[in-house]
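Record features, source Swiss-Prot:
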- Asp52: active site, nucleophile (ACT_SITE)
- Tyr111: substrate binding site (BINDING)
Amino acid sequence: MPRYALKIEYDGAPFAGWQRQAVLPSVQGAIEAALGRLEPGPHTIAAAGRTDTGVHATGQVAHCDLGKDWDPFRLAGALNAHLKPLPVAVVAAARVGEDFHARFSAIERRYLFRLLARRAPEVHDRGRVWRVPHPLDGAAMREAAAHLVGRHDFTTFRAIGCQAASPVKTLDELTLETVEVPNGVEYRFRLRARSFLHNQVRSIVGTLERVGAGAWAPDRVKEALEARDRAACGPVCPPQGLYLTGVGYPADPFAAT
């Protein structure tokens, strides 16, 4: 059966996460239903990352096996026609080999977290940023973030129910960009690693926000990391500011699209 890789964007607000649910709406369920309108099913798609409820994506990657050969451009268009009016779009499709797996072939994943420091409520970005009503110290957050880059035991920064075999991960990148917005500042955290633990990004950003607010000293983040204790973590921030922005592979399946 021919295999196709799909690059997908979605607004996570109306979904109970990526993974198919028995009753609640999911991104996986929406795309599998769209595939079922193209070919008889059942269809199962596998994704590079199973994003949680409310988490968005601009560069999710999934793969599916279909019963006939499709022109990738036409496949993306047909899926988008059947996904309307849901906030999900297949932005690219590509034919790949049967050894390609969206999750297990990936060599890096990239996330963006948008944190807005502004007293006034967000309007145009409601549901797409995490807003806090107090100012933040960007320099202090950068100083604290530097302690987390590299290979570490991230037990402190993973969910209690995380099913990963090991808490040891290599965080290749954690950068912070500041953007002036009307009457506030948006802080954009960019994180890159081969893989992440459950709630790792939201735990890190929630902790760094405490540093920015002055509730934590930057060195306390290093102490929390070395404690290897979930109780040492700061608060887990809400999901709406988090975006899966890209997935890397040894060879880009979408290079020719």
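In case you wondered, yes, glycine gets a Cβ from its N, Cα and C as well.
In the three-state DSSP classification, Asp52 (active site, nucleophile) falls within coil. Spacing of the residue listed as 'substrate binding site' relative to Asp52 (active site, nucleophile) is 13 Å (Cα to Cα, whole number).
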